[in-house]
Amino acid sequence: MAVCRAVSIVSGGPDSFTYTLIWLSRGCSVHALSFNYGQKASREVLTARKLLEKADELASERGWGRVLEHRLVDISFMKSLWRGTQLTDEEVEVKEDYAPSVVVPIRNVVMLSIAAAYAYSLLEEEDVDRVVVTYGAQRGDIKPRPDTGEPLYPDCSPECIEALQAAFRLCHFRGMRRLEVWSPSREGLSKSDLLKWAYGTVGKLIYDTWSCYLNGKYHCGRCESCINRHRAFKDAGLPDCTRYEKPPGPEAEFESRGDYYVHRSCREA
């Protein structure tokens, strides 16, 4: 039987978590990496750990690949270099709508380079037939900017991924050049596609993911990521049981439950 390993970048959000589940379901055992890069939403790392523990339980029950480990990679020193971005710079406000300042320059390239280095180490240590590096970039991340026509997040594009894969192979020994880099965007999958797959496969666990750019008790409901999360649940035709501090859509569509809001599509108490 072919042995597959995936080095999966898992942020705690629905995209990277679901895509990791997909590779587990394909029979690949996962070495999960989460990154502390000085982001404001530091709770996403703790979320990733809890989700991966549950994912491994499900994988064991279903005969999938296993979550072999979860490593936290500390690159928080990059915060001082990634200035002027909404996600790391305390002096830059997190906005409701997309703005180029939400893009952390080639953040995914940095993380994928580290993941690829680890993946090559696995190829040298183990008898592995296939090794893939995965991350959660999805089709919505590469919609064209209205002003320039280029992807909203350039390092999420299939072109970037394929170029990186080629570079990673070129930059190591010929006998090791079988490393693959994959993302939902490369497979043509959107956030709503991922939510539908996850909801149909692991059910309510998808609500435990964390999308918000901030670090509050609940999803803020105001940042671009919260708004995109809610829109994707609607596009997928799924109830959104996420707890929001403020409604990420028309207030009439949400129900106040004490100190948070939930969309009326959610029937949970």
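Placement of Cβ uses the backbone N, Cα and C atoms for every residue, glycine included.
Now, the feature entries from Swiss-Prot:
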type	residues	note
BINDING	Val10, Ser11, Gly12, Gly13, Pro14, Asp15, Ser16, Phe17, Thr18, Tyr19, Thr20	ATP binding site
BINDING	Cys212, Cys220, Cys223, Cys226	Zn(2+) binding site
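Feature map: Swiss-Prot annotations on the structure.
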residue	record	DSSP (3 states)
Val10	ATP binding site	coil
Ser16	ATP binding site	helix
Cys212	Zn(2+) binding site	coil
Cys220	Zn(2+) binding site	coil
Cys226	Zn(2+) binding site	helix
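On a Cα basis, Cys223 (Zn(2+) binding site) lies 16 Å away from Pro14 (ATP binding site). In this view, Thr20 (ATP binding site) is surrounded by 26 other Cβ atoms within 10 Å of its Cβ, with every protein chain counted.
Separating the Cα atoms of Cys223 (Zn(2+) binding site) and Gly12 (ATP binding site) is a whole-number distance of 17 Å.
Ranking the binding-site residues Gly12, Pro14 by how many other Cβ atoms lie within 10 angstroms of each Cβ puts Gly12 at the bottom. Within 8 Å of the centroid of the Cβ atoms of Cys212, Cys220, Cys223, Cys226, where the record puts Zn(2+), the same chain has further Cβ atoms from Val94, Ser211, Tyr213, Leu214, Gly216, His219, Gly221, Arg222, Glu224, Ser225, Ile227, Tyr244, Glu245, Pro248. In the structure as shown, the Cβ atom of Ser16 (ATP binding site) sits within 10 Å of 27 other Cβ atoms.
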